[in-house]
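Peer 1: Structure provided below as C-alpha coordinates; questions to follow.
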Amino acid sequence: MARQINDTFLRACRGEQTSYVPVWYMRQAGRSQPEYRALKEKYSLFEITHQPELCAYVTRLPVEQYGVDAAILYKDIMTPLPAIGVNVEIQGGIGPVIANPIRSLQDVERLGEIDPEHDVPYVFETIRLLVNEQLDVPLIGFAGAPFTLASYMIEGGPSKNYHKTKAFMYAEPKAWFALMDKLAEMTIRYVRAQIRAGASAVQIFDSWVGAVSADDYRTFIKPAMARIFAALREEGAPLIMFGVGASHLVHEWNDLPLDVIGLDWRLSIREARRQGIAKAIQGNLDPAVLLAPWDVIEERVKRILDEGMERPGYIFNLGHGIFPDVQPATLKRLTAFIHEYTSTN
(Lines of atoms letter the chains of each structure in order from A and count residues from 1; the text may use other names and numbers.)
(Lines give C-alpha, C1' and ligand atoms only; values in the text may rest on other atoms or scores of the structure.)
Protein backbone atom coordinates (compact mmCIF):
# COMPACT_ATOMS: atom_id res chain seq x y z
CA MET A 1 0.00 0.00 0.00
CA ALA A 2 1.33 3.47 -0.94
CA ARG A 3 2.14 5.85 1.87
CA GLN A 4 -0.07 8.82 2.72
CA ILE A 5 1.17 11.81 0.75
CA ASN A 6 0.94 15.58 0.95
CA ASP A 7 -1.41 16.27 -1.96
CA THR A 8 -1.08 20.09 -2.08
CA PHE A 9 0.66 19.91 -5.46
CA LEU A 10 -2.03 17.65 -6.93
CA ARG A 11 -4.83 19.89 -5.69
CA ALA A 12 -3.15 22.91 -7.28
CA CYS A 13 -2.86 20.95 -10.54
CA ARG A 14 -6.62 20.47 -10.46
CA GLY A 15 -7.20 24.19 -9.93
CA GLU A 16 -8.29 23.83 -6.32
CA GLN A 17 -7.62 26.28 -3.49
CA THR A 18 -4.59 25.29 -1.39
CA SER A 19 -3.35 26.43 2.02
CA TYR A 20 -0.03 27.50 0.48
CA VAL A 21 1.58 27.57 -2.95
CA PRO A 22 3.25 24.23 -3.72
CA VAL A 23 6.73 24.27 -5.22
CA TRP A 24 9.11 21.99 -7.05
CA TYR A 25 12.01 22.79 -9.37
CA MET A 26 12.89 21.47 -12.78
CA ARG A 27 16.20 19.63 -12.49
CA GLN A 28 15.85 19.68 -8.70
CA ALA A 29 17.42 16.21 -8.67
CA GLY A 30 20.92 16.22 -10.02
CA ARG A 31 23.79 18.41 -10.94
CA SER A 32 23.48 21.21 -8.37
CA GLN A 33 23.70 18.75 -5.47
CA PRO A 34 27.09 17.71 -4.02
CA GLU A 35 25.70 14.28 -3.18
CA TYR A 36 24.80 13.78 -6.82
CA ARG A 37 28.19 14.96 -8.04
CA ALA A 38 29.83 12.49 -5.65
CA LEU A 39 27.63 9.76 -7.09
CA LYS A 40 28.63 10.73 -10.64
CA GLU A 41 32.28 10.17 -9.72
CA LYS A 42 31.44 6.49 -9.20
CA TYR A 43 28.64 5.90 -11.70
CA SER A 44 27.71 7.07 -15.19
CA LEU A 45 24.30 8.56 -15.97
CA PHE A 46 23.44 5.26 -17.65
CA GLU A 47 24.35 3.30 -14.53
CA ILE A 48 22.39 5.60 -12.20
CA THR A 49 19.24 5.55 -14.31
CA HIS A 50 19.39 1.77 -14.76
CA GLN A 51 19.73 0.99 -11.04
CA PRO A 52 16.41 1.62 -9.25
CA GLU A 53 17.97 2.07 -5.80
CA LEU A 54 20.40 4.74 -7.05
CA CYS A 55 17.76 6.43 -9.16
CA ALA A 56 15.29 6.50 -6.27
CA TYR A 57 17.96 8.02 -4.03
CA VAL A 58 18.63 10.84 -6.50
CA THR A 59 14.89 11.41 -7.01
CA ARG A 60 14.03 11.75 -3.32
CA LEU A 61 17.12 13.77 -2.31
CA PRO A 62 15.62 17.23 -3.09
CA VAL A 63 12.44 16.31 -1.23
CA GLU A 64 14.48 15.59 1.88
CA GLN A 65 16.88 18.52 1.45
CA TYR A 66 14.66 21.31 0.16
CA GLY A 67 11.18 20.36 1.38
CA VAL A 68 9.61 20.57 -2.08
CA ASP A 69 6.02 19.45 -2.58
CA ALA A 70 6.65 16.97 -5.41
CA ALA A 71 9.43 14.70 -6.61
CA ILE A 72 10.19 14.26 -10.29
CA LEU A 73 11.51 10.96 -11.53
CA TYR A 74 15.23 11.14 -12.28
CA LYS A 75 15.51 9.95 -15.86
CA ASP A 76 16.47 11.36 -19.26
CA ILE A 77 13.99 12.23 -22.00
CA MET A 78 15.97 9.92 -24.29
CA THR A 79 15.35 6.85 -22.08
CA PRO A 80 12.65 5.18 -24.23
CA LEU A 81 14.28 5.81 -27.63
CA PRO A 82 16.64 2.79 -27.76
CA ALA A 83 13.58 0.57 -27.33
CA ILE A 84 12.29 1.69 -30.74
CA GLY A 85 15.67 1.33 -32.45
CA VAL A 86 17.35 4.70 -31.90
CA ASN A 87 21.04 4.47 -31.01
CA VAL A 88 21.55 7.17 -28.35
CA GLU A 89 24.77 8.07 -26.58
CA ILE A 90 24.93 10.78 -23.91
CA GLN A 91 28.27 12.50 -24.46
CA GLY A 92 29.75 14.71 -21.76
CA GLY A 93 29.71 18.39 -22.65
CA ILE A 94 27.53 17.72 -25.71
CA GLY A 95 24.40 15.85 -24.68
CA PRO A 96 22.48 13.19 -26.60
CA VAL A 97 24.13 12.08 -29.84
CA ILE A 98 22.22 9.90 -32.32
CA ALA A 99 24.34 7.54 -34.43
CA ASN A 100 21.59 6.86 -36.98
CA PRO A 101 19.74 10.14 -37.65
CA ILE A 102 16.43 10.09 -39.50
CA ARG A 103 16.75 11.10 -43.15
CA SER A 104 13.82 9.45 -44.95
CA LEU A 105 10.43 7.78 -44.67
CA GLN A 106 12.23 4.45 -44.78
CA ASP A 107 14.20 5.42 -41.67
CA VAL A 108 10.94 6.21 -39.89
CA GLU A 109 9.32 2.97 -41.00
CA ARG A 110 12.24 1.00 -39.54
CA LEU A 111 11.47 2.29 -36.05
CA GLY A 112 9.88 -0.27 -33.77
CA GLU A 113 7.35 -0.10 -30.95
CA ILE A 114 8.00 0.07 -27.23
CA ASP A 115 6.90 -2.50 -24.69
CA PRO A 116 7.61 -0.36 -21.61
CA GLU A 117 7.67 -2.97 -18.84
CA HIS A 118 9.86 -5.23 -20.97
CA ASP A 119 12.14 -2.64 -22.58
CA VAL A 120 12.74 -0.22 -19.69
CA PRO A 121 11.71 -2.17 -16.56
CA TYR A 122 14.09 -0.20 -14.34
CA VAL A 123 11.92 2.92 -14.84
CA PHE A 124 8.91 1.26 -13.28
CA GLU A 125 10.91 -0.52 -10.60
CA THR A 126 12.16 2.92 -9.53
CA ILE A 127 8.63 4.34 -9.47
CA ARG A 128 7.25 1.46 -7.43
CA LEU A 129 10.15 1.67 -5.00
CA LEU A 130 9.55 5.40 -4.47
CA VAL A 131 5.78 5.46 -4.15
CA ASN A 132 5.48 2.32 -2.04
CA GLU A 133 8.31 2.91 0.40
CA GLN A 134 10.04 6.25 0.26
CA LEU A 135 8.00 9.33 -0.71
CA ASP A 136 5.43 11.36 1.21
CA VAL A 137 4.87 13.77 -1.71
CA PRO A 138 3.55 13.03 -5.21
CA LEU A 139 5.92 11.62 -7.82
CA ILE A 140 5.89 13.30 -11.23
CA GLY A 141 6.60 11.09 -14.20
CA PHE A 142 7.72 12.62 -17.45
CA ALA A 143 8.57 12.22 -21.10
CA GLY A 144 9.96 14.26 -23.93
CA ALA A 145 7.45 15.53 -26.48
CA PRO A 146 7.56 14.27 -30.08
CA PHE A 147 8.96 17.48 -31.58
CA THR A 148 11.90 17.65 -29.18
CA LEU A 149 12.64 13.93 -29.56
CA ALA A 150 12.35 14.23 -33.34
CA SER A 151 14.75 17.17 -33.35
CA TYR A 152 17.45 15.02 -31.75
CA MET A 153 16.65 12.11 -34.06
CA ILE A 154 16.89 14.26 -37.20
CA GLU A 155 19.70 16.63 -36.22
CA GLY A 156 21.76 13.79 -34.73
CA GLY A 157 22.25 15.75 -31.52
CA PRO A 158 21.71 19.20 -30.00
CA SER A 159 21.13 22.09 -32.40
CA LYS A 160 21.07 25.87 -32.26
CA ASN A 161 18.47 26.45 -34.96
CA TYR A 162 16.88 23.04 -35.75
CA HIS A 163 17.13 23.76 -39.46
CA LYS A 164 17.44 20.08 -40.42
CA THR A 165 14.36 19.27 -38.36
CA LYS A 166 12.26 22.03 -39.86
CA ALA A 167 13.53 21.33 -43.38
CA PHE A 168 12.48 17.68 -42.96
CA MET A 169 9.10 18.82 -41.64
CA TYR A 170 8.51 21.06 -44.67
CA ALA A 171 10.07 18.87 -47.38
CA GLU A 172 8.95 15.43 -46.21
CA PRO A 173 5.51 15.88 -44.63
CA LYS A 174 4.53 12.23 -45.09
CA ALA A 175 7.67 11.08 -43.28
CA TRP A 176 7.24 13.81 -40.65
CA PHE A 177 3.69 12.81 -39.74
CA ALA A 178 4.70 9.15 -39.69
CA LEU A 179 7.46 10.06 -37.24
CA MET A 180 5.06 12.08 -35.09
CA ASP A 181 2.68 9.11 -35.01
CA LYS A 182 5.47 6.73 -33.97
CA LEU A 183 6.67 9.05 -31.23
CA ALA A 184 3.15 9.81 -30.02
CA GLU A 185 2.42 6.10 -29.64
CA MET A 186 5.73 5.54 -27.84
CA THR A 187 4.99 8.44 -25.49
CA ILE A 188 1.48 7.22 -24.71
CA ARG A 189 2.67 3.72 -23.86
CA TYR A 190 5.68 4.93 -21.86
CA VAL A 191 3.80 7.53 -19.82
CA ARG A 192 0.74 5.35 -19.30
CA ALA A 193 3.03 2.71 -17.78
CA GLN A 194 4.57 5.34 -15.47
CA ILE A 195 1.13 6.35 -14.20
CA ARG A 196 0.05 2.75 -13.70
CA ALA A 197 3.28 2.06 -11.79
CA GLY A 198 2.42 4.88 -9.38
CA ALA A 199 3.32 8.30 -10.81
CA SER A 200 0.75 10.81 -9.51
CA ALA A 201 1.18 13.37 -12.30
CA VAL A 202 3.09 13.70 -15.56
CA GLN A 203 4.98 16.53 -17.24
CA ILE A 204 5.61 16.50 -20.98
CA PHE A 205 8.77 18.43 -21.83
CA ASP A 206 8.95 20.07 -25.26
CA SER A 207 12.29 21.74 -24.67
CA TRP A 208 12.90 22.98 -28.23
CA VAL A 209 9.38 23.59 -29.55
CA GLY A 210 9.89 27.35 -29.25
CA ALA A 211 11.77 27.08 -32.55
CA VAL A 212 8.53 26.73 -34.54
CA SER A 213 5.81 29.25 -35.33
CA ALA A 214 2.28 28.95 -34.00
CA ASP A 215 1.01 28.14 -37.50
CA ASP A 216 3.55 25.35 -37.92
CA TYR A 217 2.77 24.04 -34.45
CA ARG A 218 -0.92 23.76 -35.30
CA THR A 219 -0.16 21.98 -38.57
CA PHE A 220 2.80 19.75 -37.82
CA ILE A 221 2.90 19.13 -34.06
CA LYS A 222 -0.39 19.78 -32.29
CA PRO A 223 -2.23 16.74 -33.72
CA ALA A 224 0.29 14.40 -32.08
CA MET A 225 0.11 16.31 -28.81
CA ALA A 226 -3.70 16.18 -28.83
CA ARG A 227 -3.53 12.43 -29.35
CA ILE A 228 -1.07 12.00 -26.47
CA PHE A 229 -3.04 14.05 -23.96
CA ALA A 230 -6.39 12.54 -24.96
CA ALA A 231 -5.03 9.03 -24.37
CA LEU A 232 -3.32 9.90 -21.09
CA ARG A 233 -6.39 11.78 -19.87
CA GLU A 234 -8.06 8.41 -19.38
CA GLU A 235 -5.51 7.51 -16.67
CA GLY A 236 -6.76 10.28 -14.35
CA ALA A 237 -3.38 11.79 -13.39
CA PRO A 238 -2.84 15.56 -13.79
CA LEU A 239 -1.04 16.39 -17.04
CA ILE A 240 1.47 19.25 -17.32
CA MET A 241 2.81 20.78 -20.55
CA PHE A 242 6.08 22.71 -20.61
CA GLY A 243 8.16 24.20 -23.41
CA VAL A 244 11.05 26.65 -23.53
CA GLY A 245 10.68 29.90 -25.46
CA ALA A 246 7.11 28.91 -26.26
CA SER A 247 5.07 31.89 -25.05
CA HIS A 248 3.55 32.14 -28.53
CA LEU A 249 2.23 28.58 -28.19
CA VAL A 250 0.43 28.67 -24.83
CA HIS A 251 -2.88 29.39 -26.55
CA GLU A 252 -2.42 26.19 -28.53
CA TRP A 253 -1.92 24.27 -25.28
CA ASN A 254 -4.92 25.95 -23.67
CA ASP A 255 -7.39 23.88 -25.70
CA LEU A 256 -5.57 20.56 -25.29
CA PRO A 257 -6.95 18.08 -22.71
CA LEU A 258 -4.31 18.83 -20.07
CA ASP A 259 -4.39 20.36 -16.60
CA VAL A 260 -1.36 22.62 -16.14
CA ILE A 261 0.58 24.94 -18.44
CA GLY A 262 4.20 25.54 -17.47
CA LEU A 263 5.50 29.01 -18.34
CA ASP A 264 9.07 30.12 -18.76
CA TRP A 265 10.12 33.61 -17.68
CA ARG A 266 9.33 35.25 -21.02
CA LEU A 267 5.59 35.49 -20.32
CA SER A 268 4.26 36.69 -16.98
CA ILE A 269 1.55 34.74 -15.20
CA ARG A 270 -0.72 37.76 -15.12
CA GLU A 271 -0.32 38.35 -18.85
CA ALA A 272 -0.95 34.68 -19.63
CA ARG A 273 -4.21 34.82 -17.71
CA ARG A 274 -5.14 38.15 -19.28
CA GLN A 275 -4.75 36.48 -22.66
CA GLY A 276 -7.24 33.79 -21.67
CA ILE A 277 -5.17 30.94 -20.25
CA ALA A 278 -7.71 29.21 -18.01
CA LYS A 279 -5.77 26.15 -16.86
CA ALA A 280 -3.60 25.87 -13.76
CA ILE A 281 -0.23 27.57 -14.22
CA GLN A 282 3.25 26.50 -13.19
CA GLY A 283 6.33 28.71 -13.19
CA ASN A 284 8.14 30.86 -13.87
CA LEU A 285 11.28 32.29 -12.20
CA ASP A 286 14.27 32.76 -14.48
CA PRO A 287 16.75 30.20 -13.06
CA ALA A 288 19.57 32.74 -13.42
CA VAL A 289 17.94 34.78 -10.63
CA LEU A 290 18.99 32.03 -8.19
CA LEU A 291 22.60 33.16 -8.67
CA ALA A 292 21.77 36.68 -7.45
CA PRO A 293 21.89 37.97 -3.83
CA TRP A 294 18.98 36.89 -1.63
CA ASP A 295 17.25 40.29 -1.63
CA VAL A 296 17.05 40.15 -5.43
CA ILE A 297 15.72 36.59 -5.34
CA GLU A 298 13.11 37.49 -2.74
CA GLU A 299 11.87 40.52 -4.64
CA ARG A 300 11.51 38.57 -7.91
CA VAL A 301 9.85 35.61 -6.21
CA LYS A 302 7.34 37.80 -4.36
CA ARG A 303 6.31 39.39 -7.63
CA ILE A 304 5.71 36.00 -9.23
CA LEU A 305 3.87 34.63 -6.19
CA ASP A 306 1.61 37.67 -6.00
CA GLU A 307 0.59 37.10 -9.62
CA GLY A 308 0.24 33.36 -9.19
CA MET A 309 -2.00 33.65 -6.14
CA GLU A 310 -4.53 35.86 -7.91
CA ARG A 311 -6.37 32.63 -8.82
CA PRO A 312 -6.42 29.08 -7.46
CA GLY A 313 -4.41 26.56 -9.44
CA TYR A 314 -0.84 27.82 -9.18
CA ILE A 315 2.45 25.94 -8.67
CA PHE A 316 5.76 27.72 -8.22
CA ASN A 317 8.63 26.53 -10.39
CA LEU A 318 11.45 27.87 -12.50
CA GLY A 319 11.19 28.79 -16.15
CA HIS A 320 13.75 26.07 -16.99
CA GLY A 321 16.14 23.78 -15.13
CA ILE A 322 18.38 24.65 -12.19
CA PHE A 323 21.91 25.69 -13.15
CA PRO A 324 24.72 23.49 -11.78
CA ASP A 325 26.26 26.35 -9.77
CA VAL A 326 23.11 27.19 -7.78
CA GLN A 327 23.69 26.54 -4.09
CA PRO A 328 21.47 23.91 -2.43
CA ALA A 329 21.12 26.23 0.57
CA THR A 330 19.49 28.80 -1.71
CA LEU A 331 16.88 26.28 -2.85
CA LYS A 332 16.15 25.21 0.70
CA ARG A 333 15.74 28.82 1.80
CA LEU A 334 13.59 29.62 -1.22
CA THR A 335 11.24 26.69 -0.61
CA ALA A 336 10.74 27.68 3.02
CA PHE A 337 10.17 31.30 2.00
CA ILE A 338 7.51 30.35 -0.57
CA HIS A 339 5.65 28.20 1.93
CA GLU A 340 5.74 30.91 4.60
CA TYR A 341 4.90 33.83 2.30
CA THR A 342 1.89 32.08 0.76
CA SER A 343 0.52 30.28 3.81
CA THR A 344 -3.11 31.01 4.62
CA ASN A 345 -3.04 29.23 8.00
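Yeah, the Cβs are placed from backbone N, Cα and C, and that goes for glycine too.
From a predicted model like this one, the values you see are computed outputs, not experimental measurements.
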Peer 1: Quick check: of His251, His320, which does Swiss-Prot put in the same substrate site as Arg27, Gln28, Ala29, Gly30, Arg31, Phe46, Asp76, Tyr152, Ser207?
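Peer 2: Given Arg27, Gln28, Ala29, Gly30, Arg31, Phe46, Asp76, Tyr152, Ser207 bind substrate in Swiss-Prot, the matching entry from His251, His320 is His320.
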Peer 1: List the residues of the same chain that sit at least 6 positions away from Arg27 (substrate binding site) in sequence and have their Cβ under 8 Å from its Cβ, in sequence order, or write 'none'.
Peer 2: Gly321, Ile322
Peer 1: Given the binding-site residues Arg31, Asp76, Ser207, which one is most crowded in terms of C-beta atoms within 10 angstroms?
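Peer 2: Of the binding-site residues Arg31, Asp76, Ser207, the highest Cβ count within 10 Å belongs to Ser207.
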Peer 1: Restricting to the chain of Ala29 (substrate binding site) and a gap of 6 or more, list residues whose Cβ falls under 8 Å of its Cβ, or answer none.
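Peer 2: Listed in sequence order, they are Tyr36, Val58, Thr59, Leu61, Pro62, Ala71, Ile72, Tyr74.
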